[in-house]
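Engineer: This is the structure I have questions about; it appears just below.
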């Protein structure tokens, strides 16, 4: 077991390596040539221009001003300087709320650490069990932990009481934070300028109508049911294929630019092969080939564009319906429209850029089946992910490689290579899986059918959290895969499960301290260097960039990946909560993680990330709920731990903790969550009234005209989207094509029956 | 163990006793003197008048027409004759939906029984394990059950497959039924005449305002936020004390009538004592005494009435807000009003007679705390209810009685009395508890703060279901209290729990058959005789009734007690689902229960019950959910059972069943539940439009004027409720008393902060 000295050495090494990262970062970031890698946010905002325009040639690429090297840690105070309200304007509420998760970690754990060190550490230290026990090996860390308390000692009451104090403190901080974020969100929504999504509702599962097109059907339905408020609507085209073509064309254009640049530089006609990835096929002139390909694709794209616009079948049964007032939109988004609750589904529309277009047309029954399948898949992924990896590992051993690729045999027999492969190969399959995991989870969320990027990220975060909880946290404690745990715990009494964990929790403290340093500290330091974007930018810059606009496009500012980052934070919060009453020495390491992360991510949010959507901190209820789950897990584990310590009198006192925690969650959910889901009518009315007073002549119809057009229709040609044209000439009272009202009523009944019939 | 013959004898006895009940009922119901006990519904509807008006004196009380005695079972076809649509008009949708639960039981179990007898019984019968086993005692029933299959036999696949068939059949029936009930509900709501609750929303948690009264505050808020739709509102008075006074007065009046009648009959001035229940105190003239008391109470009542109306503090922060259209009300009920989601809570108003007035003013934080306390209490009630009862039982033994009441010693020593007490006393505490249980559960639901009688009944039903599930069903299977089970299962592996149950399930089949006959069959037969209302009616008729109106008031038609009856049905559904694949012989007994209950309750609904509220079958989602829970329990138990039979290959096949059952529930919930919670805007709009066309001059304000007045203001004096008077003279635009808009905004912020501050 590691003792305090070992941990100290390890901490020093990790601190040094983190420091090294920071030095590298500090040097890289002040090089003008990297300016677009480390400050893309400012370029996107248009307030920073290339530093390469001025100065000597060398100055264009390398910073020769030595003084700036001395101030290499200046970015830290700089990152903290910008006040929060300004940060909301600069980067949006999502980023600010995300940063507040780190702050929340600090708010919870700094007082917890102080309390634990003042109260629990002396109690543990003077417990003196381990000193008298001669047959067990122990370290200084164990002396500071609950392991040093004799079983059945009355000192264990202190841990029980402290866990109440910790929980209540967490409640206090969580509640204040929830309230603060809810207020910030409402203020953010209220202070926003006019935005299309304030007036717009996403309507899905529009039932088919034999007499009318989707557009007419929508218009009639809302003219009838929201007569005073309906303004206009925008049908949705199934432009997935078109978007794919546009994407392909962009890639071809990149290649064309690359070959043109090569030609300019070398004055030698570059050639390429026509086959897959240019690897085989006939050799042709590259520039001619790609020009021809692009022309072909442009024609194809135009044909597809025509087809999408003219073909009624490419209109999917979903629409963006806009209202004359925010009040009207809020009402429509919150109410049920039809007697069949699975058609005419209305939701507050996401921001135009937040929409995930592919998922807009999934019918209700299919949606429920998709959710079921994904729930089963997630279970399988969490509990059985080791099976395919073990299979790949068994294939990828040295004998296997020798069999498949016998010509490598001499190389493999060489001692160093052999040991390298043996040490490296088994891990690489797992490593690849872990790198791909967020992508897999995101794909699963997409299959589940959510319609906005923000909700996709939220769902992925939930899945990733479960994976980390079972495979990293619980897996490390009992050393086994989730599947092994599942097997064990199905065959053990429920009261034994927390005990099994309880026994090994104190023993794993040093492991988690090391993990925090390696994964947490070093991971954050690596984050700030942005190695992958750095390399990609320079590659693009070398081969593709000709104009400043090209250079702007080569920038990849990235964005806060909530789906992968938030579950990691939750993991450290869980660690802190579990170890606070057990081995308080772990807390400072977690506090360093939170503080360091906060500074780094604040710097990134200010200078780098460019959010691709703004959900107004809609993820906070998820963050809150997961912290509550962490609290309950920590309480159950403490109960298990204490019951193995023969603290029979104090353990029952802990049973109340999960109960009040669940109650606290229910209370907070009712009190704050609606602010993240609905738009209160009062707020809507205030904004409407203000707007009517200040801008009485506003033409809302023009404003909303092409807000919700698929990006492929917006982007290149700036042509008017087809639906709007259709809209322009339509008078508010559209003559119905229906035969008569009764007939149509029977039909809509029939259609609703048909819709429900598919559900059987 | 009971064999088939024993069961047959028992069934014959129970059938005979049920038959005896029916004969008694048949004789009692055709006596004119009992007419108001067995046909009160028709009296309430005004279509039946006392048969005592005509005929000879004897005919008034006893039916001497012998032919009617011969047709004594005629009520059964009569009960089935009325078509369902007519029944909805006659007794309301709640009653019809309730009857459909029995029909649902038949629809599920008749095909299940046929399938089980055709497929499973032959397979079990030819299993021949028990015939070869010489050391175990077995009965014919066991030969028909799964016990007769050798462990590890391939025949067990049949049970696995059949359990899939059963589940899918249950899905089919449940889905159709849910759809049918949802359609019936929507049709019922649509076909209803104009009703106040269609236009009205119950607003709770109105924040206090320093400048305005509750009434003004409500009016301003809704004038601002629903300017086009708000019509009027009705504040709620805290009239609980007043209602108590009215109640007391009614009881005193009854006594006065009783003494007056006695005086008329005996011509002797009756006297009474002034003390508690007339048991001690000075002896006074009864008529004078009660007249004086009533006068005193009337004064007190008038004073209280004045106080309630004039005192601003007796207005509670809740109001019934009415809108100009159903659309406006539907919108307000379904949307969030204020940025603080715990104030200005809007819900679709219950029917006026469905409101539970006492609970209208509970603030949000208190509500969450009450729910927490009641959840903990329910847990304690289910798992620890035996502790106080065992304590009472230990006190109430013979030695205890002898110690406390030594003078009874000679009596107790008498052999027969002693054995009677010993046999009777321990049970009586439990019996009293079980009789009081629905009352206890209803009180708990009231404490939880629900605002309508229908929701109170729904909540009580949920609690009672849990009690029956743990203490009757699971308790009977493993023979132990829920607490003992809890203790066992905390110390056993989760996979062992279904096994423990699985082993004893087949053994308990005969017990449950007997239980079904005694509790189910006999209970239903007792229900139809209405013994308690019969006795009470005749007592009242003898002592209190003078006029026909008095006689009408003496009638107690009662109502369908959903909170106690529905959980019992669920228990039999659970029994059927659990035993269908195990011991199919139980199914016919359950089918008889459902069929018999259906006929009896249909008769009662037609002739007796007078529902005190109409919720439009709002309880169906609960019924559906509990059947789903029953399905999942039966699947888990079957898994446990099969795993003890060494059917290792077929058991894993069953794991899918609970998963698809949960999915089916999620699907049904999304598909149908909204129809029971919200009012679709489309429906509202159709009704509004129709009404505007047919009755353009309707004065809705007058119509809604005193719809939502507390019954004590309505009942006796028919005086105009105070709030309406206040309303009449108020113009639509009320001058605000606020100093200015900004100031008030700050205040409402402050007040919302204050409101949230209490939540800490």
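Every residue, even glycine, has its Cβ placed from backbone N, Cα and C.
Below are the features I grabbed from TrEMBL:
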{"type": "DOMAIN", "residues": "A:198-359", "note": "domain 'CSC1/OSCA1-like cytosolic'"}
{"type": "DOMAIN", "residues": "A:370-642", "note": "domain 'CSC1/OSCA1-like 7TM region'"}
{"type": "REGION", "residues": "A:719-760", "note": "region 'Disordered'"}
{"type": "TRANSMEM", "residues": "A:12-30", "note": "transmembrane segment"}
{"type": "TRANSMEM", "residues": "A:101-123", "note": "transmembrane segment"}
{"type": "TRANSMEM", "residues": "A:156-174", "note": "transmembrane segment"}
{"type": "TRANSMEM", "residues": "A:372-396", "note": "transmembrane segment"}
{"type": "TRANSMEM", "residues": "A:416-443", "note": "transmembrane segment"}
{"type": "TRANSMEM", "residues": "A:464-483", "note": "transmembrane segment"}
{"type": "TRANSMEM", "residues": "A:520-539", "note": "transmembrane segment"}
{"type": "TRANSMEM", "residues": "A:571-601", "note": "transmembrane segment"}
{"type": "TRANSMEM", "residues": "A:627-644", "note": "transmembrane segment"}
{"type": "TRANSMEM", "residues": "A:651-667", "note": "transmembrane segment"}
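For the listed features, I'd like the structural context: burial, neighbours, distances.
Structural biologist: Looking at the domain 'CSC1/OSCA1-like 7TM region' (A:370-642) alone, the prediction's average pLDDT is 81.
Residues 144, 149, 155, 158-159, 162, 165-166, 169-170, 173-174, 177, 566, 569, 572-573, 576, 580-581, 584-585, 587-588, 590-591, 594-595, 597-598, 601, 623, 627 of the same chain lie 6+ residues outside the transmembrane segment (A:101-123) yet bring a C-beta within less than 8 angstroms of a C-beta in it.
Within the same chain, residues 104, 107-108, 111-112, 115-116, 119-120, 123, 146, 149, 577, 580-582, 624, 627-628, 631, 635, 638, 642, 645, 647, 649-651, 653-654, 657, 660-661, 664, 668 sit at least 6 positions outside the transmembrane segment (A:156-174) and bring their C-beta atoms closer than 8 Å to a C-beta of that stretch.
Long-range neighbours of the transmembrane segment (A:571-601) within the same chain, counting only residues 6 or more positions beyond its ends whose Cβ lies under 8 Å from a Cβ of the stretch, are 11, 18, 76, 79-80, 98-99, 102-103, 105-106, 108-110, 112-113, 116-117, 120-121, 141, 144-146, 159, 162-163, 166, 170, 465, 468-469, 472-473, 505-506, 509, 512-513, 516-517, 520-521, 524-525, 527-528, 560, 627, 630-631, 633-634, 637-638, 641.
Residues 160, 163-164, 167, 171, 174-175, 624-625, 628, 631-632, 635-636, 638-639, 642-643 of the same chain sit 6 or more residues outside the transmembrane segment (A:651-667) yet have a Cβ under 8 Å from a Cβ within it.
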